[in-house]
Amino acid sequence: MAQTMLLTSGVTAGHFLRNKSPLAQPKVHHLFLSGNSPVALPSRRQSFVPLALFKPKTKAAPKKVEKPKSKVEDGIFGTSGGIGFTKANELFVGRVAMIGFAASLLGEALTGKGILAQLNLETGIPIYEAEPLLLFFILFTLLGAIGALGDRGKFVDDPPTGLEKAVIPPGKNVRSALGLKEQGPLFGFTKANELFVGRLAQLGIAFSLIGEIITGKGALAQLNIETGIPIQDIEPLVLLNVAFFFFAAINPGNGKFITDDGEES
């Protein structure tokens with residue numbers, strides 16, 4: 001009898017466990033497990049990645065603005081690219097010519113002799129022995145005066161001052177008190193103007209030398225021959241001309257020189 005009851009209870013318990021749904025089985029097993037058991041059921045974790053609906057627009061890289069190179073200005077015979085004679089070189093030659101022409105006029109006013117005669121007085125070399133050098137000097141001066149040696153680059157004037165600099169505050173210095181600019185050149189004499197005056201001085205030296213070779217007289221004496229005016233009557237004009245050439249030679253004009261390679265000086 002006791003054995004029959006045990007068998008019946010075992011069959012009933014087994015039948016009950018077989019009819020249970022599989023979802024409930026982990027819970028039954030969990031009831032039989034102790035709380036200190038290290039066995040744990042795996043849990044699912046869902047991770048969410050945030051997505052931006054509006055993304056910032058990527059900025060395009062700024063375009064490089066290439067500065068236009070200064071155009072090479074060829075000389076009359078297209079020699080500017082060959083020997084590299086720039087306007088800065090021509091400006092230097094023009095300054096030397098202005099000093100030389102002013103000194104020759106001053107020397108002729110004092111001694112009454114032209115450039116070649118003054119050179120003979122200083123060196124003692126006869127003119128006929130220096131004829132090749134003299135002809136080369138005349139040719140070089142003429143070619144430089146007409147820009148035949150080349151004129152690479154260009155002169156750029158300084159930018160004009162703004163309206164706020166037009167009114168000069170009082171009490172700065174003497175130039176401000178006279179209504180003149182505090183900084184920069186006193187007069188508006190640019191490097192382009194200085195280049196033009198230098199070319200005129202080169203032409204003056206060249207033609208005065210040619211005239212002295214032909215007539216044997218200096219520049220002032222040639223002027224007397226052409227106009228018939230005595231030198232004594234035009235002394236103030238001669239002195240003014242000499243002073244102007246000296247001042248133009250030593251006065252640094254405003255502006256800057258830009259070559260065809262973009263270099264500034």
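Numbering starts at 1 and runs along the chain as displayed.
Glycine too: its Cβ is placed from the backbone N, Cα and C atoms.
Annotated features, as they stand in Swiss-Prot:
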- 54-158: repeat '1' (REPEAT)
- 159-264: repeat '2' (REPEAT)
- 1-59: transit peptide (TRANSIT)
- 96-116: transmembrane segment (TRANSMEM)
- 130-150: transmembrane segment (TRANSMEM)
- 195-215: transmembrane segment (TRANSMEM)
- 229-249: transmembrane segment (TRANSMEM)
Mean predicted confidence [pLDDT] for the repeat '1' (54-158): 74
Contact set, same chain, for the transmembrane segment (96-116): CB under 8 Å, 6 or more residues outside the stretch: 127, 134, 141, 197-198, 201-202, 204-205, 208-209, 212-213, 216-221, 231, 235, 238, 241-243, 245-246, 248-249
